[in-house]
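> Annotated topological domain 'Cytoplasmic' per Swiss-Prot: 1-19, 71-96, 163-166, 217-240, 300-326, 371-394, in sequence order. Summarising the annotation, Swiss-Prot assigns transmembrane segment to 20-40, 50-70, 97-117, 142-162, 167-187, 196-216, 241-261, 279-299, 327-347, 350-370, 395-415 and lists sequence analysis as the type of evidence. What Swiss-Prot lists as topological domain 'Vacuolar' is 41-49, 118-141, 188-195, 262-278, 416-420.
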(Lines of atoms letter the chains of each structure in order from A; the text may use other names.)
(Lines give C-alpha, C1' and ligand atoms only; values in the text may rest on other atoms or scores of the structure.)
Protein backbone atom coordinates (compact mmCIF):
# COMPACT_ATOMS: atom_id res chain seq x y z
CA UNK A 1 0.00 0.00 0.00
CA UNK A 2 3.02 2.30 0.34
CA UNK A 3 2.95 3.15 -3.37
CA UNK A 4 -0.52 4.68 -3.10
CA UNK A 5 -1.16 8.40 -2.90
CA UNK A 6 -4.50 9.39 -1.32
CA UNK A 7 -6.27 12.28 -3.00
CA UNK A 8 -7.51 15.04 -0.76
CA UNK A 9 -8.67 18.61 -1.04
CA UNK A 10 -7.64 21.48 1.14
CA UNK A 11 -9.84 22.61 4.04
CA UNK A 12 -11.16 25.56 2.08
CA UNK A 13 -12.02 23.26 -0.80
CA UNK A 14 -14.20 20.82 1.12
CA UNK A 15 -17.72 20.53 -0.23
CA UNK A 16 -20.51 19.70 2.20
CA UNK A 17 -23.63 18.21 0.62
CA UNK A 18 -27.18 18.94 1.74
CA UNK A 19 -29.16 16.00 0.35
CA UNK A 20 -30.69 13.51 2.76
CA UNK A 21 -31.34 9.80 2.44
CA UNK A 22 -34.91 10.15 1.13
CA UNK A 23 -34.20 12.64 -1.65
CA UNK A 24 -31.13 10.67 -2.79
CA UNK A 25 -33.08 7.40 -2.99
CA UNK A 26 -36.01 9.10 -4.74
CA UNK A 27 -33.84 10.69 -7.43
CA UNK A 28 -31.87 7.49 -8.07
CA UNK A 29 -35.04 5.37 -8.16
CA UNK A 30 -36.72 7.82 -10.52
CA UNK A 31 -33.68 7.70 -12.81
CA UNK A 32 -34.00 3.90 -12.86
CA UNK A 33 -37.77 3.61 -13.18
CA UNK A 34 -39.47 4.78 -16.33
CA UNK A 35 -42.09 3.85 -18.88
CA UNK A 36 -39.95 0.80 -19.73
CA UNK A 37 -41.51 -0.99 -16.75
CA UNK A 38 -44.70 -1.33 -18.82
CA UNK A 39 -42.91 -3.52 -21.39
CA UNK A 40 -41.71 -6.11 -18.86
CA UNK A 41 -44.80 -8.38 -19.10
CA UNK A 42 -44.20 -8.53 -22.86
CA UNK A 43 -40.53 -9.41 -22.24
CA UNK A 44 -41.73 -12.29 -20.03
CA UNK A 45 -43.54 -13.77 -23.05
CA UNK A 46 -40.06 -14.55 -24.42
CA UNK A 47 -38.26 -15.47 -21.20
CA UNK A 48 -40.97 -17.32 -19.29
CA UNK A 49 -41.82 -16.54 -15.66
CA UNK A 50 -38.84 -18.15 -13.90
CA UNK A 51 -36.09 -16.93 -16.23
CA UNK A 52 -37.70 -13.49 -16.41
CA UNK A 53 -37.60 -13.12 -12.63
CA UNK A 54 -34.02 -14.43 -12.45
CA UNK A 55 -32.93 -12.01 -15.19
CA UNK A 56 -34.45 -9.04 -13.33
CA UNK A 57 -32.70 -10.03 -10.10
CA UNK A 58 -29.35 -10.62 -11.84
CA UNK A 59 -29.62 -7.30 -13.73
CA UNK A 60 -30.31 -5.54 -10.42
CA UNK A 61 -27.25 -7.20 -8.86
CA UNK A 62 -25.00 -6.21 -11.79
CA UNK A 63 -26.31 -2.65 -11.64
CA UNK A 64 -25.69 -2.42 -7.89
CA UNK A 65 -22.15 -3.70 -8.42
CA UNK A 66 -21.61 -0.83 -10.85
CA UNK A 67 -22.97 1.66 -8.30
CA UNK A 68 -20.79 0.15 -5.58
CA UNK A 69 -17.65 0.62 -7.67
CA UNK A 70 -18.73 4.19 -8.48
CA UNK A 71 -19.03 4.88 -4.73
CA UNK A 72 -15.62 3.29 -4.11
CA UNK A 73 -14.06 5.58 -6.72
CA UNK A 74 -15.84 8.62 -5.23
CA UNK A 75 -14.44 7.79 -1.78
CA UNK A 76 -10.92 8.17 -3.20
CA UNK A 77 -11.60 11.66 -4.62
CA UNK A 78 -12.02 15.11 -3.00
CA UNK A 79 -15.50 15.35 -1.52
CA UNK A 80 -18.08 16.92 -3.83
CA UNK A 81 -15.88 16.71 -6.94
CA UNK A 82 -16.29 13.09 -7.99
CA UNK A 83 -17.11 12.27 -11.61
CA UNK A 84 -16.25 9.69 -14.25
CA UNK A 85 -13.83 12.24 -15.74
CA UNK A 86 -12.14 12.79 -12.36
CA UNK A 87 -11.51 9.05 -12.05
CA UNK A 88 -10.35 8.91 -15.66
CA UNK A 89 -7.78 11.61 -14.84
CA UNK A 90 -5.92 9.01 -12.77
CA UNK A 91 -6.52 6.01 -15.04
CA UNK A 92 -7.06 6.95 -18.71
CA UNK A 93 -6.60 10.76 -18.81
CA UNK A 94 -6.63 10.97 -22.61
CA UNK A 95 -10.02 9.20 -22.70
CA UNK A 96 -11.80 11.45 -20.17
CA UNK A 97 -13.41 13.49 -22.95
CA UNK A 98 -14.61 10.27 -24.64
CA UNK A 99 -16.25 9.12 -21.40
CA UNK A 100 -17.99 12.48 -20.97
CA UNK A 101 -19.14 12.50 -24.60
CA UNK A 102 -20.58 8.98 -24.24
CA UNK A 103 -22.58 9.96 -21.15
CA UNK A 104 -23.81 13.18 -22.80
CA UNK A 105 -24.98 11.41 -25.97
CA UNK A 106 -26.72 8.64 -24.02
CA UNK A 107 -28.57 11.08 -21.74
CA UNK A 108 -29.44 13.34 -24.68
CA UNK A 109 -30.98 10.40 -26.57
CA UNK A 110 -33.06 9.27 -23.60
CA UNK A 111 -34.27 12.85 -23.03
CA UNK A 112 -35.44 13.06 -26.66
CA UNK A 113 -37.26 9.72 -26.31
CA UNK A 114 -39.18 11.09 -23.31
CA UNK A 115 -40.39 14.03 -25.41
CA UNK A 116 -41.40 11.71 -28.27
CA UNK A 117 -43.52 9.70 -25.78
CA UNK A 118 -45.22 12.91 -24.59
CA UNK A 119 -45.92 13.90 -28.20
CA UNK A 120 -47.34 10.46 -29.03
CA UNK A 121 -49.58 10.03 -25.97
CA UNK A 122 -51.06 13.47 -25.33
CA UNK A 123 -53.04 13.70 -28.63
CA UNK A 124 -54.69 10.39 -27.63
CA UNK A 125 -55.54 11.67 -24.15
CA UNK A 126 -56.58 15.23 -25.09
CA UNK A 127 -60.15 14.44 -26.32
CA UNK A 128 -60.89 12.62 -23.04
CA UNK A 129 -59.85 15.79 -21.21
CA UNK A 130 -62.24 17.91 -23.29
CA UNK A 131 -59.45 19.26 -25.52
CA UNK A 132 -60.87 18.42 -28.96
CA UNK A 133 -59.50 21.39 -30.90
CA UNK A 134 -57.24 20.31 -33.83
CA UNK A 135 -54.38 22.15 -32.15
CA UNK A 136 -54.47 19.72 -29.20
CA UNK A 137 -54.48 16.69 -31.51
CA UNK A 138 -51.05 17.56 -32.91
CA UNK A 139 -47.97 16.09 -31.25
CA UNK A 140 -46.02 19.29 -31.89
CA UNK A 141 -48.34 21.26 -29.57
CA UNK A 142 -47.56 19.04 -26.61
CA UNK A 143 -43.82 18.93 -27.24
CA UNK A 144 -43.75 22.75 -27.25
CA UNK A 145 -45.91 22.74 -24.10
CA UNK A 146 -43.38 20.37 -22.50
CA UNK A 147 -40.64 22.92 -23.22
CA UNK A 148 -42.37 25.51 -21.01
CA UNK A 149 -42.92 22.98 -18.21
CA UNK A 150 -39.39 21.59 -18.30
CA UNK A 151 -37.38 24.80 -18.70
CA UNK A 152 -37.46 25.92 -15.02
CA UNK A 153 -36.85 22.34 -13.83
CA UNK A 154 -33.91 21.82 -16.16
CA UNK A 155 -32.18 24.97 -14.95
CA UNK A 156 -32.01 23.73 -11.34
CA UNK A 157 -28.36 23.26 -10.41
CA UNK A 158 -28.60 20.48 -7.83
CA UNK A 159 -30.08 17.04 -8.37
CA UNK A 160 -31.48 17.25 -4.84
CA UNK A 161 -33.72 20.15 -5.99
CA UNK A 162 -35.59 17.69 -8.23
CA UNK A 163 -36.74 15.51 -5.33
CA UNK A 164 -40.28 16.94 -5.38
CA UNK A 165 -40.86 16.24 -9.08
CA UNK A 166 -39.28 12.82 -8.59
CA UNK A 167 -41.86 12.09 -5.88
CA UNK A 168 -44.65 13.10 -8.32
CA UNK A 169 -43.15 10.78 -10.96
CA UNK A 170 -43.01 7.86 -8.55
CA UNK A 171 -46.62 8.50 -7.44
CA UNK A 172 -47.61 8.34 -11.13
CA UNK A 173 -45.66 5.09 -11.45
CA UNK A 174 -47.36 3.63 -8.37
CA UNK A 175 -50.73 4.43 -9.97
CA UNK A 176 -49.70 2.43 -13.04
CA UNK A 177 -48.58 -0.44 -10.81
CA UNK A 178 -51.94 -0.30 -9.03
CA UNK A 179 -53.82 -0.62 -12.35
CA UNK A 180 -51.88 -3.76 -13.30
CA UNK A 181 -52.21 -5.27 -9.81
CA UNK A 182 -55.94 -4.50 -9.57
CA UNK A 183 -56.81 -6.19 -12.87
CA UNK A 184 -54.67 -9.19 -11.92
CA UNK A 185 -56.55 -9.58 -8.63
CA UNK A 186 -60.05 -9.29 -10.13
CA UNK A 187 -59.04 -11.53 -13.06
CA UNK A 188 -60.95 -9.71 -15.81
CA UNK A 189 -58.34 -10.19 -18.56
CA UNK A 190 -58.07 -12.61 -21.47
CA UNK A 191 -55.03 -14.87 -21.04
CA UNK A 192 -52.79 -16.44 -23.62
CA UNK A 193 -50.26 -19.22 -23.03
CA UNK A 194 -48.15 -18.87 -19.87
CA UNK A 195 -44.64 -20.32 -19.75
CA UNK A 196 -43.54 -20.89 -16.17
CA UNK A 197 -40.12 -22.50 -16.49
CA UNK A 198 -38.96 -22.54 -20.12
CA UNK A 199 -38.16 -19.55 -22.39
CA UNK A 200 -39.85 -19.36 -25.78
CA UNK A 201 -36.48 -19.87 -27.51
CA UNK A 202 -32.84 -18.93 -27.13
CA UNK A 203 -33.11 -16.10 -29.67
CA UNK A 204 -36.42 -14.98 -28.16
CA UNK A 205 -34.76 -14.67 -24.76
CA UNK A 206 -31.79 -12.74 -26.16
CA UNK A 207 -34.08 -10.43 -28.16
CA UNK A 208 -35.60 -9.00 -24.95
CA UNK A 209 -32.39 -9.08 -22.89
CA UNK A 210 -31.80 -5.31 -23.41
CA UNK A 211 -35.13 -4.56 -21.67
CA UNK A 212 -33.76 -6.13 -18.47
CA UNK A 213 -30.12 -5.08 -18.77
CA UNK A 214 -30.92 -1.40 -19.34
CA UNK A 215 -33.78 -1.38 -16.84
CA UNK A 216 -31.52 -0.34 -13.97
CA UNK A 217 -29.39 2.34 -15.65
CA UNK A 218 -28.88 5.24 -13.24
CA UNK A 219 -25.11 5.43 -13.06
CA UNK A 220 -24.99 8.74 -14.95
CA UNK A 221 -26.46 10.37 -11.82
CA UNK A 222 -24.57 8.29 -9.25
CA UNK A 223 -21.68 10.72 -8.78
CA UNK A 224 -24.09 13.68 -8.49
CA UNK A 225 -26.03 11.87 -5.77
CA UNK A 226 -22.80 11.04 -3.92
CA UNK A 227 -21.49 14.61 -4.26
CA UNK A 228 -24.70 16.04 -2.79
CA UNK A 229 -25.29 13.70 0.17
CA UNK A 230 -25.07 15.17 3.65
CA UNK A 231 -23.59 11.98 5.11
CA UNK A 232 -20.54 10.99 3.06
CA UNK A 233 -19.81 7.73 4.90
CA UNK A 234 -19.37 4.68 2.68
CA UNK A 235 -22.03 2.74 4.56
CA UNK A 236 -24.63 5.48 4.09
CA UNK A 237 -23.86 5.91 0.38
CA UNK A 238 -24.00 2.16 -0.31
CA UNK A 239 -27.24 1.75 1.66
CA UNK A 240 -28.78 4.65 -0.29
CA UNK A 241 -27.91 2.98 -3.59
CA UNK A 242 -29.01 -0.45 -2.38
CA UNK A 243 -32.39 0.95 -1.30
CA UNK A 244 -32.95 2.54 -4.72
CA UNK A 245 -32.04 -0.70 -6.51
CA UNK A 246 -34.06 -3.03 -4.26
CA UNK A 247 -37.15 -0.76 -4.40
CA UNK A 248 -36.98 -0.66 -8.20
CA UNK A 249 -36.46 -4.43 -8.36
CA UNK A 250 -39.57 -5.11 -6.28
CA UNK A 251 -41.69 -2.81 -8.48
CA UNK A 252 -40.29 -4.42 -11.64
CA UNK A 253 -41.07 -7.92 -10.34
CA UNK A 254 -44.57 -6.89 -9.24
CA UNK A 255 -45.55 -5.43 -12.63
CA UNK A 256 -43.77 -8.12 -14.67
CA UNK A 257 -45.27 -11.07 -12.77
CA UNK A 258 -48.84 -9.79 -12.37
CA UNK A 259 -48.94 -8.33 -15.89
CA UNK A 260 -47.65 -11.55 -17.45
CA UNK A 261 -49.97 -13.77 -15.42
CA UNK A 262 -52.88 -11.51 -16.45
CA UNK A 263 -52.28 -11.77 -20.22
CA UNK A 264 -49.72 -14.52 -20.81
CA UNK A 265 -48.43 -14.59 -24.38
CA UNK A 266 -50.92 -11.85 -25.35
CA UNK A 267 -49.11 -9.16 -23.30
CA UNK A 268 -48.16 -6.19 -25.50
CA UNK A 269 -45.20 -3.81 -25.30
CA UNK A 270 -47.31 -1.36 -23.26
CA UNK A 271 -49.33 -3.26 -20.69
CA UNK A 272 -51.63 -0.27 -20.00
CA UNK A 273 -52.79 -0.36 -23.64
CA UNK A 274 -54.20 -3.87 -22.99
CA UNK A 275 -56.96 -2.54 -20.74
CA UNK A 276 -60.26 -0.81 -21.65
CA UNK A 277 -59.22 2.47 -23.29
CA UNK A 278 -62.60 4.09 -22.56
CA UNK A 279 -62.18 3.68 -18.80
CA UNK A 280 -61.38 6.89 -16.92
CA UNK A 281 -58.85 4.89 -14.85
CA UNK A 282 -56.94 3.80 -17.96
CA UNK A 283 -57.01 7.33 -19.39
CA UNK A 284 -55.56 8.40 -16.04
CA UNK A 285 -52.93 5.69 -16.49
CA UNK A 286 -51.86 7.13 -19.85
CA UNK A 287 -51.68 10.57 -18.26
CA UNK A 288 -49.55 9.05 -15.50
CA UNK A 289 -47.11 7.77 -18.15
CA UNK A 290 -46.81 11.32 -19.51
CA UNK A 291 -46.17 12.71 -16.01
CA UNK A 292 -43.61 9.97 -15.37
CA UNK A 293 -41.52 10.64 -18.48
CA UNK A 294 -41.98 14.42 -18.34
CA UNK A 295 -40.52 14.73 -14.85
CA UNK A 296 -37.79 12.21 -15.67
CA UNK A 297 -36.42 14.56 -18.36
CA UNK A 298 -34.52 16.86 -15.93
CA UNK A 299 -32.79 13.78 -14.47
CA UNK A 300 -31.25 13.22 -17.91
CA UNK A 301 -30.56 16.92 -18.51
CA UNK A 302 -28.49 17.20 -15.31
CA UNK A 303 -25.77 14.60 -16.15
CA UNK A 304 -25.86 15.62 -19.82
CA UNK A 305 -25.05 19.22 -18.88
CA UNK A 306 -22.25 18.21 -16.51
CA UNK A 307 -20.67 15.91 -19.09
CA UNK A 308 -20.87 18.52 -21.87
CA UNK A 309 -19.24 21.10 -19.61
CA UNK A 310 -16.46 18.73 -18.57
CA UNK A 311 -15.82 17.77 -22.20
CA UNK A 312 -15.73 21.40 -23.40
CA UNK A 313 -13.62 22.73 -20.56
CA UNK A 314 -11.47 19.60 -20.17
CA UNK A 315 -12.57 19.85 -16.54
CA UNK A 316 -12.67 16.87 -14.21
CA UNK A 317 -15.63 18.22 -12.24
CA UNK A 318 -18.73 20.31 -12.98
CA UNK A 319 -18.56 21.66 -9.42
CA UNK A 320 -16.90 24.85 -10.68
CA UNK A 321 -19.33 25.46 -13.57
CA UNK A 322 -20.07 29.18 -13.92
CA UNK A 323 -23.62 30.54 -14.20
CA UNK A 324 -22.93 31.48 -17.81
CA UNK A 325 -21.89 27.97 -18.84
CA UNK A 326 -24.79 26.51 -16.85
CA UNK A 327 -27.34 28.70 -18.65
CA UNK A 328 -25.95 28.28 -22.17
CA UNK A 329 -25.48 24.50 -22.00
CA UNK A 330 -28.92 23.96 -20.41
CA UNK A 331 -30.58 26.13 -23.06
CA UNK A 332 -28.82 24.23 -25.85
CA UNK A 333 -29.92 20.86 -24.42
CA UNK A 334 -33.52 22.08 -24.14
CA UNK A 335 -33.63 23.52 -27.66
CA UNK A 336 -31.85 20.63 -29.40
CA UNK A 337 -33.81 17.86 -27.65
CA UNK A 338 -37.16 19.54 -28.33
CA UNK A 339 -36.23 20.33 -31.95
CA UNK A 340 -35.24 16.72 -32.58
CA UNK A 341 -38.44 15.45 -30.93
CA UNK A 342 -40.47 17.77 -33.19
CA UNK A 343 -38.71 16.50 -36.31
CA UNK A 344 -38.71 12.77 -35.53
CA UNK A 345 -41.75 10.69 -34.61
CA UNK A 346 -39.78 7.51 -33.91
CA UNK A 347 -36.31 7.01 -32.50
CA UNK A 348 -36.72 3.34 -31.68
CA UNK A 349 -33.76 1.91 -33.57
CA UNK A 350 -31.48 4.90 -32.91
CA UNK A 351 -32.17 4.62 -29.19
CA UNK A 352 -31.73 0.85 -29.32
CA UNK A 353 -28.16 1.32 -30.59
CA UNK A 354 -27.46 4.20 -28.19
CA UNK A 355 -28.79 2.07 -25.34
CA UNK A 356 -26.77 -0.97 -26.37
CA UNK A 357 -23.56 1.03 -26.28
CA UNK A 358 -24.19 3.98 -23.94
CA UNK A 359 -26.10 2.23 -21.16
CA UNK A 360 -23.76 -0.77 -21.09
CA UNK A 361 -20.72 1.49 -21.13
CA UNK A 362 -21.98 3.71 -18.28
CA UNK A 363 -23.47 0.95 -16.11
CA UNK A 364 -20.90 -1.84 -16.37
CA UNK A 365 -17.78 -1.20 -18.42
CA UNK A 366 -16.86 2.22 -16.99
CA UNK A 367 -17.49 1.46 -13.28
CA UNK A 368 -15.73 -1.91 -13.46
CA UNK A 369 -12.69 -0.90 -15.48
CA UNK A 370 -12.18 2.49 -13.80
CA UNK A 371 -12.35 0.99 -10.30
CA UNK A 372 -10.00 -1.85 -11.27
CA UNK A 373 -7.24 0.52 -12.41
CA UNK A 374 -8.02 3.36 -9.98
CA UNK A 375 -7.77 1.08 -6.94
CA UNK A 376 -4.19 0.23 -7.94
CA UNK A 377 -3.20 3.90 -8.00
CA UNK A 378 -5.11 5.59 -5.18
CA UNK A 379 -5.51 4.34 -1.63
CA UNK A 380 -8.90 3.54 -0.18
CA UNK A 381 -9.88 5.82 2.73
CA UNK A 382 -10.99 2.70 4.59
CA UNK A 383 -8.96 -0.19 5.94
CA UNK A 384 -9.48 -2.74 3.17
CA UNK A 385 -7.32 -5.82 3.50
CA UNK A 386 -5.29 -7.08 0.52
CA UNK A 387 -7.76 -9.98 0.19
CA UNK A 388 -10.76 -7.62 0.10
CA UNK A 389 -9.05 -5.53 -2.57
CA UNK A 390 -8.29 -8.61 -4.68
CA UNK A 391 -11.91 -9.77 -4.45
CA UNK A 392 -13.22 -6.29 -5.32
CA UNK A 393 -10.90 -6.06 -8.30
CA UNK A 394 -11.94 -9.51 -9.51
CA UNK A 395 -15.62 -8.49 -9.38
CA UNK A 396 -14.79 -5.19 -11.10
CA UNK A 397 -12.98 -6.99 -13.92
CA UNK A 398 -15.88 -9.44 -14.19
CA UNK A 399 -18.37 -6.57 -14.42
CA UNK A 400 -16.40 -4.88 -17.19
CA UNK A 401 -16.16 -8.17 -19.13
CA UNK A 402 -19.90 -8.80 -18.58
CA UNK A 403 -20.65 -5.32 -19.93
CA UNK A 404 -18.53 -5.92 -23.01
CA UNK A 405 -20.28 -9.25 -23.73
CA UNK A 406 -23.71 -7.65 -23.22
CA UNK A 407 -22.80 -4.77 -25.54
CA UNK A 408 -21.74 -7.15 -28.32
CA UNK A 409 -24.85 -9.31 -27.81
CA UNK A 410 -27.26 -6.37 -27.83
CA UNK A 411 -25.65 -4.77 -30.87
CA UNK A 412 -25.96 -8.07 -32.77
CA UNK A 413 -29.60 -8.38 -31.68
CA UNK A 414 -30.34 -4.87 -32.99
CA UNK A 415 -28.57 -5.61 -36.28
CA UNK A 416 -30.58 -8.85 -36.60
CA UNK A 417 -33.81 -6.90 -36.03
CA UNK A 418 -32.81 -4.40 -38.73
CA UNK A 419 -32.18 -7.20 -41.24
CA UNK A 420 -35.66 -8.56 -40.59
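Placement of Cβ uses the backbone N, Cα and C atoms for every residue, glycine included.
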> Where among 50-70, 196-216, 279-299, 327-347, 395-415 do we find the most Cβ pairs under 8 Å to the transmembrane segment (20-40)?
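Selected stretch: 279-299, with the most Cβ pairs under 8 Å.
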> How do the residues of the topological domain 'Vacuolar' (188-195) split into helix, strand and coil according to DSSP?
0 helix, 0 strand, 8 coil
> Residue counts in helix (H, G, I), strand (E, B) and coil for the topological domain 'Vacuolar' (416-420), per DSSP?
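Once the DSSP states are binned, the topological domain 'Vacuolar' (416-420) shows 4 helix, 0 strand, 1 coil.
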> With DSSP helix as H/G/I and strand as E/B, how many residues of the topological domain 'Vacuolar' (118-141) fall in helix, strand and coil?
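The counts are 19 helix, 0 strand, 5 coil.
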> Is the transmembrane segment (350-370) close to the transmembrane segment (50-70), in the sense of at least 3 CB pairs under 8 angstroms with a sequence gap of 6 or more?
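These two stretches do touch.
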> What is the three-state DSSP composition of the topological domain 'Vacuolar' (41-49), stated as helix, strand and coil residue counts?
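Taking the topological domain 'Vacuolar' (41-49) as a whole: 8 helix, 0 strand, 1 coil.
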> Using Cβ distances below 8 Å and needing 3 or more such pairs, separated by at least 6 in sequence, tell me whether the transmembrane segment (97-117) contacts the transmembrane segment (395-415).
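Contact absent: fewer than 3 Cβ pairs fall under 8 Å.
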> Honestly, do the transmembrane segment (196-216) and the transmembrane segment (395-415) touch, with at least three Cβ pairs under 8 Å and pairs 6 or more apart in sequence?
yes
> What counts of helix, strand and coil residues does DSSP assign across the topological domain 'Cytoplasmic' (163-166)?
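Counting residues per DSSP class in the topological domain 'Cytoplasmic' (163-166), I get 4 helix, 0 strand, 0 coil.
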> What residues elsewhere in the chain lie close to the topological domain 'Vacuolar' (262-278), defined as a C-beta under 8 angstroms and at least 6 residues from its ends?
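Same-chain contacts beyond the ends: 35, 38-42, 44-45, 176, 179-180, 183-184, 187, 189-195, 255, 285-286, 289.
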> Short question: which residues 6 or more past the ends of the transmembrane segment (241-261) have a Cβ under 8 Å from it?
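Contacts of the transmembrane segment (241-261) (Cβ under 8 Å, skipping residues fewer than 6 from its ends): 21, 24-25, 28-29, 32-33, 37-38, 40-41, 43-45, 49, 52-53, 56-57, 60, 63-64, 67-68, 71, 173, 176-177, 180-181, 184, 191, 194, 215-216, 218, 222, 225, 267, 271.
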> According to DSSP, how is the topological domain 'Vacuolar' (262-278) divided among helix, strand and coil residues?
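Output for the topological domain 'Vacuolar' (262-278) reads 9 helix, 0 strand, 8 coil.
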